[in-house]
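Notes for the one structure printed next.
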Amino acid sequence: MSLAFCGNENNSVAYNVDGGVLNNGCFLDALNVVPHVFLLFITFPILFIGWGSQSSKVHIHHSTWLHFPGHNLRWLLTFVLLFILVCEIAEGIVSDGFSQSLHLHLYMPAGLAFMAGITSIIYYHNIETSNFPKLLLALLIYWVLAFIMKTIKFAKYTEHGIGPRQLRYCITGLLVLLYGLLLAVEINVILGRRYMCFADPTEVKPPEDLQDLGVRFLQPFVNLLSKATYWWMNTFITSAHRRPIDLKVIGKLPIAMRALTNYMKLRKAFEDQKRPQGTAPQGPKLIWQALRKAFGRPLMLSITFRFMADLLGFAGPLCISGIVHHISKDNRTIQQPMSLLGIYFISSKEFLENAYVLAVLLFLALLLQRTFLQASYYVAIETGINLRGAIQTKIYNKIMRLCTSNMSMGELTVAQICNLVAIDTNQLMWFFFLLPNLWAMPVQIIVGVILLYYLLGISALIGATVIAVLAPVQYFVATKLSQTQKSTLEYSSERLKKTNELLRGIKLLKLYAWEHIFCDSVEETRGKELTSLQAFALYTSISIFMNAAIPIAAVLTTFVVHVHISEDADLSPAVAFASLSLFHILVTPLFLLSSVVRSTVKALVSVQKLSEFFSSDEIGDEQEPRAMLTSGSSNHNQNRYQAVPLKVVNRKRPPRDDWNNYSSQGDHEGDGPSQEMDQDTCIKINSGYFTWTDGPPTLSNVDIRIPFGKLTMIVGQVGCGKSSLLLAALGEMQRVSGTVTWNSLPTLDHEADYCSSSCVFEPAGRKRGAVAYASQKPWLLNATVVENITFEMPMIKSRYKAVIEACSLQPDIDILPQGDQTEIGERGIILSGGQKQRISVARSLYQQTNLVFLDDPFSALDIHLSDHLMQDGILKLLREEKRTVVLVTHKLQYLPHADWIIAMKDGTIQTEGTLKDIQNCEPELFEQWKILMHRQDQDFEKDTEAASMTDLERKNLRRAMYSREAVRTEEDEEEESLESDDDDNMSQVMRQRATIPWRSCGTYLSSAGVLLLSLLLLSQLLKHSLMVAIDYWLAHWTSQVIEAKINATARNCTVAQACGFSHSWYLSIFSVLCCLGIILCLATSVAVEWTGLKVAKELHQQLLHKIVLAPMRLFETTPLGSILNRFSTDTNTIDQHVPTTLECLSRSTLLCVSALGVISYVTPVFLIALLPLAVTCYFIQKYFRMASRDLQQLEDSTQLPLLSHFSETVEGLTTIRALRYEPRFRQRLLQYTDANNIASLFLTAANRWLEVRMEYIGACVVLVAAVASITNCLYNHLSTGLVGLGLTYALMVSNYMNWMVRNLADMEVQLGSVKRINGLLKTEPENYEGLLSESVTQVPDGWPRQGEIKIQNLSVRYDTTLKPVLKNVNAHINPGQKVGICGRTGSGKSSFSLAFFRMVDMFEGRIVIDDIDIAKLPLQTLRSRLSIILQDPILFSGTIRFNLDPEMKATDEMLWEALDIAQLKPVVKSLPGGLDAAVTEGGENFSQGQRQLFCLARAFVRKSSILIMDEATASIDMATESILQKVVMTAFADRTVVTIAHRVHTILNADLVIVMKRGIILEYDRPEALLEKEDSVFTSFVRADK
């Protein structure tokens, strides 16, 4: 067939120009080619030369991007234009199919127009990005020409009576309209940018965000195509392959998405709500309305997108129905088209009856539908993330103004607030994400049912009813699921608490051989948790089963009913497969329904919680004192808060500065009555009554003054209100009556901005300057030591040195691995109480504030440090700077240093004045003090000695550091890369990142056992084979129906049945297959969950046992947090997430494989196209997995600092407010929130990136499959049923592929947990077996009876890789001797005591106790027969009885006796429940000293003949210690006691003293003998002790 532009038939009407050139159809088409050719010729050189050269040299940075006016409209119109041009091409080709020769003019102009359309948008895009509008002239000319040509053509068609019945007429009309609109857009650009015809072109700058090179999130700024396909993400995602993604790579958030911007939006919405008086909504309603106002618009957009996507989704089933229907038409004769103007026209009905056209339309509809769907998801999630940021900021602002009493009275706990941030804000975010579904579902269901009814009649409604009836069951299962999850959570938190205690006290448990008791207790809780998990697994499997079985059941019922209702049922493939796809569409909203409803309920609860939180009391809110409030005060308060949730922003400045002047409105109101006050008084309180709660006042009738620049001390007994007085002055307490007056004289450099006149402040001291406040319980940030001390102040080296020196922190800093750059706190190194206290005081000294409040800074310090701090810090540093110091203390020996003293008693002021005044006015009090001061000074004599409690703390720290460092060096490669990804060389890490941890997957599955595994695999394979079989049988059956019909017509039977065709046989087989399928669905879902449970049980059990039996080294070298994480997050992942992910992954993979298999079976040609698609898929998923994992980790790791910032703030509220640091902390919160949000945004965008690409590949699969099967059917007589089958499966492919890749990525992250647990499972346990068995013959029952110890040539080290800490030690201790061991820190004293318990590696020599070498004993036996008292007292939560005797062996008498010896009997007697009184976690409800005494009592209960005391009296005051020494001497008169002493005077009356140095024994003799030698080391120790 030869080609010619106008065709080459002989009777060529085509070349007839008798009626004028313009009346020739072919010439009209030729005319239309002109503009397109013009554009292509003009723009190609510009594109190639201009941008080709430019892009190779310099990449246009996105800071030059901006959008011309009408940008989005132009893109939209261009898309529509291209779609219509595709239709025109198709119409041309179809109508050309009727003539013998090929008429190029029917489709070539349209083809050129298509190319020109694409060129125009590329050209425009390039001009726009380089901001050079003059070149748009070419486009202007093009639109004018195209518009004119199309109008001529349209006019001629109308003139010749060609009307809307002809498709080409409609297309031409639409094109005229579109070219006109595009012309209008182009003219609008000229008017907007004035680049021609105007003298002054307007200068336009790109948006602020794009000028900032830190912004890398470009979604809001790119063009429509890039927005829809996330094209700008390409470089970002592929770069993840070269280097891991971190916060630097993802840059900053665009301004519109920052937490501050969104918070301002939300606040404005709240303020608009409360304008009209009295009508303002209250409580949760207020929050909902504000959210709607602030974030409603983008949600509407998302819902619109969702509607479009859902409606386009129905194109699939309709096109399949159309295609199959047209192929199966037996008569393929088509009537002759109309011929006018010498060319052929066809009507739109004929056009749409072409199967190929339908295939292309289906392809385009799928592309559009997927694009809209992803856009809807993206907009919804972005809105959710913005909303989360805004609410978190609002919560934080509320925290900053919370009443401290709420916290201390337990109305709000830190945990509750953290939950608000971590859980409730996320619930709201998820609700917003799922909200479009709420609107879209009803529409989807209604349209779906209508279409089904149209296809199948009444039987469709019955099928839909089946789905509807099962939906409530789904919902019921979903609610049950969340309930079981809750109970599981309760058990797991209980288990974690127990695990935490076990790990914290592991040393004690090992020394007392009690590990198994605690281990069993954890196992017991785990048992309960597993029971709960079983229920969880059951419901999960039911849910999975329902998801798989409902569509089968629905299809089965529908077809059964359909065949039975109508005698001559039309069950053609077209009907069957269209309804099959419709059922698949219908089922989706019903599955989502349950999760959406659940999410809605959760969101309602969360908003309720938030509303309660926002209406809780604020600080300094009453303008009038409490006493004047009416009886309904509390109620009236509540309303006031709800109406005014955020009233602290002054509206005089633009929002940017708001953070910095976030102080209360008090600043702008009158200063209140000024009151004359001495210039040397800093703070004055007149007849103040202060309270924490609404009860009687805590402080009453307070009249004090605090002089300027002087040292004021506040003294009094415990609990008399000293700390409360400081807080009252700071305005943290509620003032019932009286006044607090501050007189701030600016003495320090930057105090100048506070009022210098004296001012009374009414609310709660908003007029005061900043106060450096060190609270009694030290509060530290999770930051480095330096950051904790300088605390946001500039670093001044000299000042910093002086402060460190005054607080004697240098030795501690030297021990830390990175010096003062070491992280401390939750994620870093755990410091001891004294170290924390000193850092907290150092912070107060370093701050340059006028006033310093120190609340009992000496409580956790020993006498040396206190003295040093008093002399160098308080008396020297602070005095020199003339700062006003208020010091609360119990150490009366410092009173002579005070310039002013306030004595308190029972919440009132006993007296105030200088020490002289008090001596004169209150002689009794003064005498009392003098006695106490004298006694404390005597203690001081005794107490001055080197190895003090501080040394002890340092030693602990050093030991932890030492072992941690050692382990770093010996750790093998794999562990190293596990610990930290960043210090390993890049390429290796990248290689590791690229591979999926299949080994962990193997570990996971092998824990399940062979039987379960084989069951799992078999059931999955069988189920999927059956699913394919069901659909195949349907195809076979429907094809038979059609053949029967054709035969019937051939034989002239009226109905098919009459010719012997019966549905019943096909139907029965179909039903059997369906029922089997349903049964197998159940089997697989149960098998998966069962496997998951078994693995969870196995892994946790192994982990717990390994950890409990692990040597002490593991706990010294691994941070506790990381071990705990294995038990918390990792175990939780394995319990709940891995099984479902595994199920989803296997299901989606098998579905994908079976779908591709079916398509290839129907049309083998498809395999050729499959190859490139598969390769593309492989690379997409490979890149995506890496980026996704990095982003997932980033999101998790940015959430931690955010949450810990909240908890830090809540705990240190008073300190922050005292220092007036609220704005700085707010600023930091914004940084953390933004970091977390940008990670979430990128993660969302990455997921969309993947899904869009997978959906497009899916659409390509559909197109290829459709075209191939149509061709195959038309020419090779493929049965129509199979065509329907192939297309139905092709439609599902993209969904399956998406799921597959997403689940792969999830699986990879989750297998990390298995990998980490596996790492811990490799630890070698201690050698518990001894050579001697437990039997009485080898180890006598009461061993050791005498308590004789022989140490022979003993050498000890902590680990095989470390240097020995004891070298060749020899000693002999007789039964009943009292031995004291002393020596400097690090001399090996404690290692000596640990050697008795084989806690350290004894690689030479031996210890023989009562003639048995301890190395031969089983560890359990050895440790259970000796007693030890450790230096840090450890108590467990439970009862006192449990703490003294967990094995429950002792009688009550024995316990009371032990308590009596330990001086605790009166304390315990007074507690409710006596021995069964509760001990809180860590023994927090007893003081440090009491805890140490309990530990002594614990050792007394176990009546062993050898007792080892390891510096056990470190935290006990002198008086109690001397009592104890006597007790030990009497109660243990006949037993061997080894005391490791840090106060030498405690061992002066021992029978034998051993002095150690660097792991060897220096001196070994009676103390008397050693003291006689002048030059002995012991003598020098004792001297230093005097």
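Any Cβ shown, glycine's included, is placed from N, Cα and C.
Note: TrEMBL annotation is automatic and uncurated.
Some features that TrEMBL has for this protein:
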type	residues	note
TRANSMEM	33-52	transmembrane segment
TRANSMEM	73-94	transmembrane segment
TRANSMEM	106-124	transmembrane segment
TRANSMEM	166-185	transmembrane segment
DOMAIN	301-602	domain 'ABC transmembrane type-1'
TRANSMEM	351-368	transmembrane segment
TRANSMEM	430-454	transmembrane segment
TRANSMEM	460-478	transmembrane segment
TRANSMEM	536-565	transmembrane segment
TRANSMEM	571-593	transmembrane segment
REGION	652-678	region 'Disordered'
DOMAIN	683-931	domain 'ABC transporter'
REGION	963-986	region 'Disordered'
COMPBIAS	970-985	compositional bias 'Acidic residues'
DOMAIN	1015-1308	domain 'ABC transmembrane type-1'
TRANSMEM	1065-1091	transmembrane segment
TRANSMEM	1158-1180	transmembrane segment
TRANSMEM	1256-1275	transmembrane segment
DOMAIN	1349-1583	domain 'ABC transporter'
Mind checking which residues of the chain, 6+ beyond the ends of the transmembrane segment (166-185), have their Cβ under 8 Å from one of its Cβ atoms?
-> 70, 73-74, 77-78, 80-81, 84-85, 87-88, 91, 95, 140, 143-144, 146-147, 150-151, 153-154, 157-158, 338, 345-348, 351
Looking only at residues six or more beyond either end of the transmembrane segment (351-368), which have a C-beta under 8 A from one in the stretch?
-> 83, 86, 90-91, 94, 167, 308, 312, 315-316, 319-320, 322-323, 326-327, 1255-1256, 1258-1260, 1262-1263, 1266-1267, 1270, 1274, 1291, 1294
Does the transmembrane segment (33-52) reach the transmembrane segment (460-478), going by 3 or more CB pairs under 8 Å (6 or more apart in sequence)?
-> no
Test the contact criterion for the transmembrane segment (430-454) and the transmembrane segment (73-94): 3 or more CB pairs under 8 Å, pairs 6 or more apart in sequence, then answer yes or no.
-> no
Of the listed stretches 301-602, 683-931, 1015-1308, the one with the highest count of C-beta pairs below 8 angstroms to the domain 'ABC transporter' (1349-1583) is 301-602
List, by number or range, the same-chain residues at least 6 past the transmembrane segment (73-94) whose CB is under 8 A from its CB atoms?
-> 103, 106-107, 110-111, 113-114, 117-118, 120-121, 124, 167-168, 171, 174-175, 178-179, 181-182, 185, 223-225, 346, 350-351, 354, 357, 360, 364
Cβ pairs under 8 Å with the transmembrane segment (1065-1091): which stretch of 460-478, 536-565, 571-593 has the most?
-> 536-565
Surrounding residues of the transmembrane segment (106-124) on its own chain - C-beta under 8 Å, 6+ positions past either end = 5, 29-30, 32-33, 35-37, 39-40, 43-44, 46-47, 74-75, 78, 81-82, 85-86, 88-89, 92-93, 95-96, 135-136, 138-139, 142, 146, 343-344
Near the transmembrane segment (460-478), which residues from the same chain, at least 6 beyond its ends, have a CB less than 8 A from one of its CBs?
-> 448-449, 452-453, 539, 542-543, 546, 550, 553-555, 557-558, 561, 579, 583, 586-587, 590-591, 593-595, 597-598
